[in-house]
2 protein chains.
Amino acid sequence: MRRLNLDLAERSYPILIDGGLLSRAEEILPFLRTPRIALVSNTTVAPLYMDGLVKALEKVGVGVTPIILPDGEAYKTWESLNQIYDVLLATRCDRSTTIVALGGGVIGDLAGFAAATYQRGVPFIQIPTTLLSQVDSSVGGKTGINHPRGKNMVGAFWQPKLVLADTDTLKTLPDRELSAGMAEVIKYGLIRDLPFLDWLEANMDGLLARDGELLAHAIERSCINKAEVVAADELETAREGGRALLNLGHTFGHAIETGMGYGEWLHGEAVAAGTMMAVELSRRLGWLCVADVERVRTLLQRAGLPVKGADLGAARYLELMSHDKKVIAGSLRLVLLKSLGDAVTHADASREDIVAAIEACCRA
Amino acid sequence: MRRLNLDLAERSYPILIDGGLLSRAEEILPFLRTPRIALVSNTTVAPLYMDGLVKALEKVGVGVTPIILPDGEAYKTWESLNQIYDVLLATRCDRSTTIVALGGGVIGDLAGFAAATYQRGVPFIQIPTTLLSQVDSSVGGKTGINHPRGKNMVGAFWQPKLVLADTDTLKTLPDRELSAGMAEVIKYGLIRDLPFLDWLEANMDGLLARDGELLAHAIERSCINKAEVVAADELETAREGGRALLNLGHTFGHAIETGMGYGEWLHGEAVAAGTMMAVELSRRLGWLCVADVERVRTLLQRAGLPVKGADLGAARYLELMSHDKKVIAGSLRLVLLKSLGDAVTHADASREDIVAAIEACCRA
């Protein structure tokens, strides 16, 4: 089993990575304040993994309140959050009850925000079951819901007590979602880990064939990279660089997700197309060469990801991007690449260059 | 001007207490990250104080987005919170925008929870305009909304950058609300400050006559007491005592508020009746004598507060109290008095004694 420790200012929590973790309730037990959990999952994941987990937990004396939500980004809403609160209150969960998320990023964000806000905060454990959530949303404590006017506009920072990444759950993951997760894995290589980018190019075929050892390595490297960034900038308060660097491709990508309606594009797919826009803009600023751009395009395509943006029109992209949380005092900060493996935040790209980069990637 | 500093683990913020603070925008300006605020108020307070504050702020170059909500505890809901999010997003407030609460506890809780959760957290300033919010809800960082199944069940801890308590705003406060605030002022004397209890008995008439100097002293002593308790137990994690002691009378009081429907009883009124129940129970446990109980009853009555509980029936009280956030792993912790000026948390009161104390106070 691989074990990372995420060390933050006030607390530290372990990330366990291995096949078969879901049946090992003894890994969870020491992290519960009382033997009582609310287990939040969705209609896709629950039939696959909930029974086994509940049985393993009940065997060691843990009482489980199941909460099963509809599946999909379209349900990352106040209504779903309120369903969680309703069950927590109806079953008298108190401030010592641990909320456990079993599912992908949507379940993690929803259950995490419920944990951050139920009775002003209860303990939280993440059991991510998608590649995306194992390498991204389960590390760093971001939780939240969408608002009709923008993605993740309501939320909180709330750190889990424990993250369990069971690589066996990736065996049932649809190809399209495995690829979507790979967009974030590739991102870590692009923003700060060139050797990892090389490794991904060498091992992409084995990763897509779901080789457990390769996946565990990719998850571990991703979590280490994310943990280093998060530990240095826990609350995303750094003016330059810092945690914002994790958003390579995300400002463009969020515009695609919002513009197309939540759920049309998977998050990772939108990030892949958005990454191509960021890379193209970096080339226009003279930081990347054409060969760098093609190298990124090739890897994303090999991972089964889209490299062409949604055809919203550049004006609509700019409108949607202006709502981004990375806007500070009216100025849009984009994450760009000074070179492959070296990202920066940049607030000075001209409107013309941004428009040209968007249009190049929507035409491509 | 009286100036307190609330020192917490990671941050510290000042509480300014004086008459006329609302027109002194220069006290606010140094605490803004950018010269842009969203000013949240209600339909009662806004006509009295919003114009003057907005003019003072605009004079020093601060842009103000006003958000005016309906008045009352019945509006401390998700719907009101969503009204705040809607305006923040529609007017493109970003993560550097400061949310300012101008009003009583409901506005402070709502605006504070919006600040805690909008884009995962933005800066917050409190300008409490009721005695209750000046001595209680503006200190300590508790924010939140009500849920149909229970009061304050959804929320977060979020500390303000600054609290401005303008004693002039108490001149327009209805008598009933002044009395309700006095319930929390008296509470500080009862739980940990016997000299302050003596002072309140000596000065209650002047306080109710709204003597500015006396009110400023009462607010200052209350905030000092609360600050000391909060600093020692910021996130309410102490198993015994700690921040829970601030809830003297609140578990009983919340049952009255929920049982009667939010808004029927003012919070402070419910706390006053609930305090009598806690005091009566403390007498039954042999900790207070009859004279202590009568001393508390007399002071609450002089302050214009109810000392008789709502006639819900003891069974309904117990049902409602079992939802209280102070329930840990199924056991109800009550705040009781070992003696006047010395509160403890106590989980071992018998059901019979609790019922008897409730019934004695509903009969009285």
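The backbone N, Cα and C atoms fix where each Cβ goes, glycine too.
Positions annotated as NAD(+) binding site by TrEMBL: B:71-76, B:105-109, B:129-130, B:Lys142, B:Lys151, B:169-172. The Zn(2+) binding site annotation in TrEMBL covers B:Glu184, B:His250, B:His267. For B:67-179, the entry in TrEMBL reads domain '3-dehydroquinate synthase N-terminal'. The domain '3-dehydroquinate synthase C-terminal' annotation in TrEMBL covers B:181-327.
Listed in sequence order, B:Ala101, B:Gln126, B:Pro128, B:Ser133, B:Ser137, B:Ser138, B:Thr143 are the same-chain residues six or more apart from B:Gly108 (NAD(+) binding site) with CB atoms under 8 A from its CB. In the three-state DSSP scheme, B:Asp71 (NAD(+) binding site) is classed as coil. In terms of DSSP helix, strand and coil, the domain '3-dehydroquinate synthase C-terminal' (B:181-327) has 104 helix, 1 strand, 42 coil. Taking the centroid of the Cβ atoms of B:Glu184, B:His250, B:His267 as the Zn(2+) site, the other same-chain residues with Cβ within 8 Å of it are B:Leu132, B:Asp136, B:Ala183, B:Lys187, B:Asn247, B:Gly249, B:Gly253, B:Gly268, B:Ala270, B:Val271. In the shown protein chains, 25 other C-beta atoms lie within 10 A of the C-beta of B:Gly105 (NAD(+) binding site). Fewest other C-beta atoms within 10 angstroms, among the binding-site residues B:Thr130, B:Thr169, B:Thr172, are seen around B:Thr172. Mean pLDDT of the predicted structure over the domain '3-dehydroquinate synthase C-terminal' (B:181-327): 93.
Around B:His267 (Zn(2+) binding site), a 10 Å sphere centred on its CB holds 27 further CB atoms from the protein chains shown. A simple way to gauge crowding: the CB of B:Glu184 (Zn(2+) binding site) has 27 other CB atoms within 10 angstroms, across all the protein chains here. Spatially close to B:His250 (Zn(2+) binding site) yet at least six residues away along the chain are B:Val271, B:Gly274, B:Val335, judged by Cβ distances under 8 angstroms. Cβ neighbour count for B:Ala74 (NAD(+) binding site): 14 (other Cβ atoms within 10 Å of its Cβ, all protein chains included). The closest partner of B:His267 (Zn(2+) binding site) among the binding-site residues, by CA position, is B:Gly105; the full candidate set was B:Asp71, B:Ala74, B:Gly105, B:Thr130, B:Thr169.
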